[in-house]
Amino acid sequence: MAPVRLKDLKSAEVKKFLDDFDVVMSDMDGTIYFLRPLPGVPDFFNHMERFGKSVYYISNNCLLTPDEYSSRMKKCSLNVPDDNILYPTKAVIDYLKTRNFDKYVFCIAAQETIDDLKAAGIKCKTGPVPGPRRYLEYPAIFKDDPEVGAVFIDIDFHINMAKAYLASVYLERLDVYFLTGASDQTAPLRMTKDKSPNVFLPNLILPTIQRYTGREPIVLSKPSKAFADFVNKHTGVVIPARVLFIGDSLESDITFGKMAGYKTLLVLTTMSESEMTAYKGLTPDYYAKDLDEVAQLFTNL
């Protein structure tokens, strides 16, 4: 079924659209800001609150602290409680705490992510930075550590082979949890709409570790079911069809929304309409140029 452009709806159809959901979940990077706020963002979310919708913000980005997230939202003229911003680090914390986890997590992740875990009472260990320079120095560090009970892989700007090998050693024990955060193949170092080559690879070592260990990770980020389960638990969603999920990525956001059973709205802030229609096998329920275009529909309601 072809997606519906919201601006083409008549007034009665806009009201029906609003009546079809109680909860709004929105991606952040690329949907509401590119380092700076995108047009219409505060108006759209103010309308959602005026209509009595519960609003949550869902990101795959573990590189911001809670204070930094709060600061970004304030720049968008939005005062958002920390509990209403969900991202993989929070899902990892929830996963471990619900299992009464009391060992160390071996983290291949950015320092911001590790600090977030520690602030929640999760004990963390990391690999050497830099790794050994000589081949014969490696065997000395490849020793199992019984204190490690989980391996968590996310974005790490100091990735090296020593960390990858150590993760593989720990994962040889099948009782060690294998968790991953950001599953995006690429991510921008600067947020622009052009096809900039300035990207890093969150998934750089993950497939290699999977092949080497034969282990499949529990993915706690969009578009995984485990992350959807965490989001629904945290937000109290019991009827997924009453949720509207908004995002700018077909592969991450719309796939996540469809998998979770939400209604989906694609904003064309990082892709064109022709790119959307050319994408085979996946279409949003609704689409719009941006949230400003959507907000204008609600002005007179």
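Every residue gets a Cβ built from N, Cα and C, even glycine.
Curation plays no part in TrEMBL annotations; they are all automatic predictions.
Going by TrEMBL, these are the annotated features:
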ACT_SITE  Asp27  active site, proton donor
ACT_SITE  Asp29  active site, proton donor
BINDING   Asp27, Asp29, Asp248  Mg(2+) binding site
BINDING   Ser59, Asn60, Asn61, Lys222  substrate binding site
- prompt: What does DSSP assign Asn61 (substrate binding site), in three states?
  reply: coil
Task: For the recorded positions Asp29, Asp248, work out the Cβ neighbour count at 10 Å and name the residue with the minimum.
output: Asp29
Field: Additional residues surrounding Mg(2+), by Cβ distance to the Asp27, Asp29, Asp248 centre under 8 Å
entry: Met28, Gly30, Thr31, Ile32, Ser59, Gly247, Ser249, Ser252, Asp253, Thr269, Thr270
Field: Winner by Cβ contact number (other Cβ atoms within 10 Å) across the binding-site residues Ser59, Asn60
entry: Asn60
Message: I want to verify one value. Collapsing DSSP to three states, which class is Asp29 (active site, proton donor)?
response: strand
- prompt: Hey, what's the Cβ neighbour count for Lys222 (substrate binding site) at 10 Å?
  reply: 29
